[in-house]
Amino acid sequence: MTDLAHFVSGLPKAELHLHIEGSLEPEQMFELARRNRIAIPFASVEELRGAYSFSRLQDFLDIYYQGADVLRTEEDFHDLALAYFRRAAADSVVHAEIFFDPQTHTDRGIPFQVVADGLLAGMLEAERDLGVTSRLILCFLRHLDEDAAFETLAAAEPWLDRIAAVGLDSSEVGHPPSKFRRVFDRAGEMGLLRVAHAGEEGPPAYVHEALDLLHIDRLDHGNRALEDAALTTRLARSGMTLTVCPLSNLKLCVVEDIDAHPIERMLRLGLRATVNSDDPAYFGGYVNDNYRALIPAGRLDAHDFATLARNSFLGSFLDDVAVTRHLDTIDAYVAAAAIA
Ligand code: HPA
Ligand SMILES: [Zn+2]
């Protein structure tokens with residue numbers, strides 16, 4: 001590994017855009033299929049990995065929802081979460097805010113309780129054994145209707161003290177944020193923070209809607225906001241955090257070439273960009289793979305990478321004391337690395 005890759009890998013960081021169902025590795029999928037006596041339509045791990053070739057978001061979503069079918073019990077969700085946290089800890093992640101898609105599971109008869117309690121048990125264990133803190137974000141599937149989102153929010157009520165925020169994911173184009181305005185209003189009244197995927201494939205207008213109608217506290221992806229100069233300025237001035245996912249953008253053809261990824265432009269425009277893995281089992285890497293993928297273009301130096309890591313804490317839902325403590329850790333790490 002180069003010095004810069006080594007520096008980046010050891011940087012203390014938070015991950016803010018991670019779909020826990022997207023961390024289901026093919027090996028674990030086969031293992032859970034065996035444990036739950038479920039047939040999966042692939043002969044081997046290699047054949048399954050070979051199917052991970054996408055030209056747009058929907059290609060990925062079709063296989064991602066199919067893969068989630070092996071998750072059946074609390075233990076499955078616990079094991080899924082813990083496997084992610086082990087990999088995250090190995091990448092110097094000390095805090096993670098993870099998405100889950102309850103409707104993917106409740107729609108196939110798995111109770112909300114099984115999903116939530118399994119994930120929460122994994123999160124507690126990760127904090128105790130790995131020292132990785134975490135928060136849970138409940139995502140609504142935007143290809144489903146508003147009533148279904150309201151039902152999901154109602155099902156979550158007993159867990160609201162353990163859920164930090166609501167989010168919005170799945171097929172973006174044709175399902176604008178405005179469709180979920182009322183359910184996001186309700187979530188806000190219930191004391192939940194709000195995030196949404198916008199501007200991944202959808203136009204800048206969807207980012208405007210996420211800001212003005214959903215009152216988001218954080219923007220997931222946001223790439224296409226760059227097409228609108230006034231919107232970019234607004235995001236920069238308001239200190240909005242963007243959870244950017246370079247390898248996901250490459251695999252879903254949001255960018256043509258990783259060396260042309262706009263992350264450097266985002267930083268220079270004053271946007272609070274962060275680096276995240278999105279669905280690491282499907283897109284070829286965990287968070288450090290995403291950071292390191294940005295090195296060869298040669299436009300980011302060690303200071304920029306430290307900024308990206310600082311942004312991950314500044315944009316997190318941790319309290320100010322914890323954020324300050326993490327920023328101090330980064331400062332000490334940078335000082336010890338004695339970068340120019
Ligand atoms: O990148 C994504 N975009 C939208 N929905 C998703 N669900 C999992 N990953 C994604
Ligand atoms: Zn995502």
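Just so you know, glycine gets a Cβ as well, placed from its N, Cα and C.
TrEMBL lists E200 with the feature active site, proton donor. Around the Cβ of E200 (active site, proton donor), a 10 Å sphere holds 22 further Cβ atoms from the protein chains shown.
According to TrEMBL, the feature Zn(2+) binding site maps to H17, H19, H197, D278. In the three-state DSSP scheme, H17 (Zn(2+) binding site) is classed as strand.
What TrEMBL records for D279 is substrate binding site. Counting only same-chain residues six or more apart in sequence, the Cβ atoms lying under 8 angstroms from the Cβ of D279 (substrate binding site) belong to H19, E21, G22, S23, F60, Y64, S248.
What TrEMBL records for 12-332 is domain 'Adenosine deaminase'.
If you look up TrEMBL, you'll see H221 marked as site 'Important for catalytic activity'. In the three-state DSSP classification, H221 (site 'Important for catalytic activity') falls within a strand.
Note: the CA-CA distance between H221 (site 'Important for catalytic activity') and E200 (active site, proton donor) rounds to 6 Å.
Within 8 A of the CB centroid of the Zn(2+) site residues H17, H19, H197, D278, the other residues of that chain are L18, G22, F99, D169, D220, H221, T243, C245, S248, N276, D279. Around D278 (Zn(2+) binding site), taking its Cβ as the centre, 31 other Cβ atoms fall within 10 Å, counting all chains. In the three-state DSSP classification, E200 (active site, proton donor) falls within coil. H197, D278, D279 are the binding-site residues among H17, H197, D278, D279 whose C-beta comes within less than 6 Å of an atom of ligand 1, given in sequence order.
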